[in-house]
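Record features (Swiss-Prot):
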type   : residues : note
SIGNAL : 1-25     : signal peptide
SITE   : TYR31    : site 'Greasy slide, important in sugar transport'
SITE   : TYR66    : site 'Greasy slide, important in sugar transport'
SITE   : TRP99    : site 'Greasy slide, important in sugar transport'
SITE   : TYR143   : site 'Important in sugar transport'
SITE   : TYR252   : site 'Greasy slide, important in sugar transport'
SITE   : TRP393   : site 'Greasy slide, important in sugar transport'
SITE   : TRP451   : site 'Greasy slide, important in sugar transport'
Amino acid sequence: MMITLRKLPLAVAVAAGVMSAQAMAVDFHGYARSGIGWTGSGGEQQCFQVTGAQSKYRLGNECETYAELKLGQEVWKEGDKSFYFDTNVAYSVNQQNDWESTDPAFREANVQGKNLIEWLPGSTIWAGKRFYQRHDVHMIDFYYWDISGPGAGIENIDLGFGKLSLAATRSTEAGGSYTFSSQNIYDEVKDTANDVFDVRLAGLQTNPDGVLELGVDYGRANTTDGYKLADGASKDGWMFTAEHTQSMLKGYNKFVVQYATDAMTTQGKGQARGSDGSSSFTEELPDGTKINYANKVINNNGNMWRILDHGAISLGDKWDLMYVGMYQNIDWDNNLGTEWWTVGVRPMYKWTPIMSTLLEVGYDNVKSQQTGDRNNQYKITLAQQWQAGDSIWSRPAIRIFATYAKWDEKWGYIKDGDNISRYAAATNSGISTNSRGDSDEWTFGAQMEIWW
């Protein structure tokens, strides 16, 4: 009996430790891709994106090692009320050597509190850096609605007919505003904070298995006292989004219409660039000295239209399919906008529940508003893949691939005084450009991809 009693405190301590470990369990999520590739004409793998487009078809066309490592934990819970702490650190290297150092990007650090407001059951309040309700096309790694960044908000307010979310986030432009109170040029340029205010109404039932989401984003440049924006800067802008999601064929189809103005047109995803101004402006100092400040960003006064349809569906036991079709027109007052349309498919044939063959075919066409000339490219990738499951979304996956790309480009980009590409222009203008001309290339390699 004495032996039993002596063992009791140890047993209690062990049990308490186990229970504590379970209560403090950390959620580990993330994403990663890495591989090796070669180019037919020699050297390491090249990747292909048509000049003027904002994305590329990604299968067999990614030349970097990239990872996002997310750690999170529910740190407090009482009934249906809880606090959750979430973090995300991202890394990207060129996958050229064994030892490749990089500065990590601290992309998320936020706290989310659920059911904390008694009269708004089911809602979540949050603050910090966060990936906020992002909308993207996986096939081309294109985010068309993404206001992520430092911010705060409340989401999923149940209105009965839909759920309302309100948020404010920030994105900052380097060297976007100027002051002339100092003789030191290094004190005269300051980063410009852009504030975005986001309102979304989701879950609106429109038809059987179909829902609608509506959103309005307003973004504006928020300058520090004593600083001002360049003449012609757009200062602010709006973006309106309507997205219909239809559940179908064991997958979904999303149809999206977006319209943006001025500061919201540069990135076209809900983040503002309000200090984009005129190409240059001159100020005279008190001593009579004149200084010309080159504004190394595009004047983005104008508008953007985007019509997008994309999805992922199952076509039977053996076939899955991803697809995308998009038209985007950026019409700027300075005539430096673009018209971009793209269409692509990625069918998957499943030989076994863990082995498949994928074919990705994508075409891009981008027209210069200034000249009317067009750049175009098509890319074809054939890949043999082994994945953890029989879905086109199953990961991890290991694949070997061969890619062929053919392009014909008629225009490039004007370069500023620092030889940095900034403005869309035609090659026949006589100005230095980086148009790729008319050529083709093929690559081959192997890649892993995982999310968890």
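Glycine too: its Cβ is placed from the backbone N, Cα and C atoms.
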Task: List of residues, in chain order, with Cβ under 8 A from that of TRP451 (site 'Greasy slide, important in sugar transport') and at least 6 apart - done: HIS29, GLY30, TYR31, ALA32, ARG395
Task: Set of same-chain residues at least 6 away whose C-beta sits under 8 angstroms from TRP393 (site 'Greasy slide, important in sugar transport') - done: ALA312
TODO: Across all the protein chains here, work out how many other Cβ atoms are within 10 Å of the Cβ of TYR66 (site 'Greasy slide, important in sugar transport').
DONE: 15
TODO: Rank the recorded sites TRP99, TYR143, TYR252 by the number of other Cβ atoms within 10 Å of each Cβ, and give the residue at the low end.
DONE: TRP99
- [ ] Going by DSSP, give the three-state secondary structure for TYR143 (site 'Important in sugar transport').
- [x] strand
Open item on the list: Let me check the 10 A CB neighbour count of TYR31 (site 'Greasy slide, important in sugar transport'). How many other CB atoms are there?
Closed with: 16
Task: Residue pair TRP99 (site 'Greasy slide, important in sugar transport'), TYR143 (site 'Important in sugar transport') - Cα distance, angstrom, rounded - done: 31
- [ ] Between the Cα atoms of TYR143 (site 'Important in sugar transport') and TYR66 (site 'Greasy slide, important in sugar transport'), find the distance and write it as a whole number of Å.
- [x] 17
- [ ] Please report how many Å separate the Cα atom of TYR66 (site 'Greasy slide, important in sugar transport') from that of TYR252 (site 'Greasy slide, important in sugar transport'), as a whole number.
- [x] 27
